[in-house]
């Protein structure tokens, strides 16, 4: 069997790190911009959750992947080249925290969708809407800080100086390592897919199809207003066209401030921008959540399962080691690609 070209592996890591730093940052910035551009994002839990998750992915690119790129480009593989705290933060965030936060974020998005489409919504301008949005968007991060950081950092790292070499290594039991991966990645991924799948079966109330309108503006042609000085006829006694059932129809006549209408058999018109309210489609929205959850599962679970399997192996042959190196390369960047694929889907959906 031919030996693996580790120089090519190193070059692949260099190229992929640069590509993902740029693409993840740009795609998530576009998602944030489009979410803010819609307006009133501070009142909408869904918008604020998306923004918080996008910021988390940007931090993954500008912190985690930058640290990784420096290691490969500058050869900073000795512990002395990085502070032990930097290594702790890098490992905890890139391999555990970001995946947990995104999984919990998807679960919160799905539950907020159900709550929004099955219960009457209060005034969206109220302060309570802002508080609710902040609580919803902060919950994934708070739960990550409370659960994941103690699990991955507390009493896990040993820093010292041994045989002339700085040592900053993680020394924990195999069961704790497995618990890190299961609690941080596998469990949130499974629950996210299950919750988003269950949301597909939830019966929505008919009013939910007009609960979240999107505002679209367009230009209307000038409206004609006819004023006459002739006597009017009582339309209640006059014969008219047949009446059709339906709601009250109103036809407003708008005029700009200070404009006067003359009642001398004249015609006056103004050009005015009208606003149409087009409701979002809840059926489409929950399909997007399920697609995102499945992509999240497909991207992050294989690498985590691979790492759990590696932990139980004690010895490797050269051929096995080469195979593991290639598999780790592919699966790690597959897990990172989630931070690029999911914001693109949200952008297209918007």
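The first residue you see is number 1, and the count goes up from there.
Here the Cβ of each residue, glycine as well, is placed from N, Cα and C on the backbone.
TrEMBL annotations:
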TRANSMEM  12-36  transmembrane segment
DOMAIN    27-346  domain 'G-protein coupled receptors family 1 profile'
TRANSMEM  48-73  transmembrane segment
TRANSMEM  93-114  transmembrane segment
TRANSMEM  134-159  transmembrane segment
TRANSMEM  179-202  transmembrane segment
TRANSMEM  288-306  transmembrane segment
TRANSMEM  326-349  transmembrane segment
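For the transmembrane segment (12-36), the list of distant contacts is 47, 50-51, 54-55, 57-58, 60-62, 65-66, 68-69, 72-73, 329, 333, 336-337, 339-340, 343-344, 346-347, 350: same-chain residues at least six beyond its ends, Cβ to Cβ under 8 Å. Long-range contacts of the transmembrane segment (93-114) within the same chain, counting only residues at least 6 positions beyond its ends with a Cβ under 8 Å from a Cβ of the stretch, are 45-46, 49-50, 52-53, 56-57, 59-60, 63-65, 68, 136, 139-141, 143-144, 147-149, 151-152, 180-181, 183-185, 187-189, 191-192, 195-196, 199, 202, 282, 285-286, 289, 292-293, 296, 300, 304, 335, 338-339, 342. Among 48-73, 179-202, 288-306, 326-349, 48-73 has the largest number of CB pairs under 8 A with the transmembrane segment (134-159). Here the domain 'G-protein coupled receptors family 1 profile' (27-346) returns a mean pLDDT of 78 for the predicted model. Count of Cβ pairs under 8 Å against the transmembrane segment (179-202): among 48-73, 288-306, 326-349, the largest is for 288-306.
If one looks beyond the transmembrane segment (48-73) by at least 6 residues along the same chain, the residues whose Cβ comes under 8 Å of a Cβ in the stretch are 10, 13-14, 17-18, 20-21, 24-25, 28-29, 31-32, 35-36, 41-42, 82, 86, 89-90, 93-94, 98, 101-102, 105, 108-109, 112, 133-134, 136-138, 140-141, 336, 339, 343, 346.
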